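Here's the structure we're looking at; comments come further down.
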Amino acid sequence: MEQFRGTTILSVRRNGKVVIGGDGQVSMGSTIMKANARKVRRLYNGKVIAGFAGGTADAFTLFERFESKLEKHSGNLTRAAVELAKDWRTDRILRRLEALLTVADSKASLIITGLGDVIEPEQSLMAIGSGGSFAQAAAKALLENTKLSARKIVEKALTIAADICIYTNLNFTIEELDSES
């Protein structure tokens, strides 16, 4: 069976805000299966935002696990991310899950992978998925050359990615939090 694939998730932190946005397209092979999936959501009583790229069912499993880690560690994003990454890498069932997560709270932004990596991005910017590099390049240019808000940068960069990446569409879900940095 062919794998569900492709998406674009982008996070920007600027001027007291952190924003994560993603498109809504779910593709299987060359077929668009759904155009309005919600790949970005709030967790931990709205204090954390998270986005995923990869298998949808896998991502929901990981969101549930991550939220339970947040509960266990009193909302400590980094500790919860490290604990999820450890489980993801060592648990035989979780190891088969194919997804990447971006997570952010008021203090930190992280990418969590199934290889056990927890990556803190440079320059307050992170992107994952098939259109991630396009969105990241666009957002980097906008961060360096404009005074646009974090939300506007995410909107514009996702639009550029959707113009280039066939696995990314214009049905965006965008979540925003106040940020300390």
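The count begins at 1 with the first shown residue.
In case you wondered, yes, glycine gets a Cβ from its N, Cα and C as well.
The active site annotation in Swiss-Prot covers Thr7, and the record cites sequence analysis as its basis. Summarising the annotation, Swiss-Prot assigns Na(+) binding site to Ala162, Cys165, Thr168 and lists sequence analysis as the type of evidence.
Features as recorded by Swiss-Prot, highlighted on the structure.
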| residue | record | DSSP class |
| --- | --- | --- |
| Thr7 | active site | coil |
| Ala162 | Na(+) binding site | helix |
| Thr168 | Na(+) binding site | coil |
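Around the Cβ of Thr7 (active site), a 10 Å sphere holds 31 further Cβ atoms from the protein chains shown.
Cβ neighbour count for Cys165 (Na(+) binding site) (all protein chains, 10 Å cutoff from its Cβ): 22.
Counted within 10 Å of its Cβ, the other Cβ atoms near Thr168 (Na(+) binding site) come to 29, all protein chains included. Long-range C-beta contacts of Ala162 (Na(+) binding site), restricted to its own chain and to partners at least six residues apart, with a cutoff below 8 Å, comprise Thr8, Asp23, Gly131, Thr168, Asn169, Leu170. Cα of Cys165 (Na(+) binding site) to Cα of Thr7 (active site): a distance of 9 Å. Highlighted in sequence order, Thr8, Asp23, Gln25, Ser130, Gly131, Phe134, Ala135, Leu158, Ala161, Asp163, Ile164, Ile166, Tyr167, Asn169 have their Cβ within 8 Å of the centre of the Cβ atoms of Ala162, Cys165, Thr168, the residues recorded for Na(+), and are not part of that set.
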